[in-house]
């Protein structure tokens, strides 16, 4: 009889530890991605000026070629998807935190929805990041990506890892 309450406390500690770890890691992913998206300087090459996510190139300006103007028009997709990914991830993180703070009949659903929103953030941010890399593949190589690009890359990975582990964890305890 005394073993059951002891195991129950151990399981509760393990469950709470994993929930907090997923939540803190999700917050870290949002911070990394937010900083990366707000700055947007993802490529640096010595011979070319930096072409970032938010830099715009106006047709007809001296430093703007036709190809750069075309790239500038297509950066709208990158900006939109990575910015939307951060917003969706913030709502996902909020649901994860609320599910832990307000233990009610809907806590399990809030946790699941928060985890699903993190997976949606992964799809949005990976689409934007991959689109950026594909659009600028002719202008860059692997060594010209800045630390901010790699922060975005880590943020994308953490969105995926936290979303999938949150869904899996929820199914384990259900």
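From the backbone N, Cα and C atoms, a Cβ is placed for every residue, glycine too.
Feature annotation from TrEMBL assigns signal peptide to 1-27.
Residues or ranges marked as transmembrane segment in TrEMBL: 76-96 (among others).
According to TrEMBL, the feature transmembrane segment maps to 116-135 (among others).
Residues or ranges marked as transmembrane segment in TrEMBL: 147-169 (among others). Within the chain, the transmembrane segment (147-169) has long-range Cβ neighbours (under 8 A, six or more residues past its boundaries) at 18-19, 22, 25-26, 28-30, 32-33, 35-37, 39-43, 82, 85, 89, 92, 96, 111-112, 114-122, 125-126, 129.
Sequence-remote contacts of a segment are chain residues at least 6 beyond its ends whose Cβ falls under 8 Å from one of its Cβ atoms, and for the transmembrane segment (76-96) they are 19, 22-23, 26-27, 29-30, 33-34, 37, 40, 53-54, 110-111, 113-118, 120-122, 124-125, 127-129, 131-132, 135, 152, 159, 163, 166.
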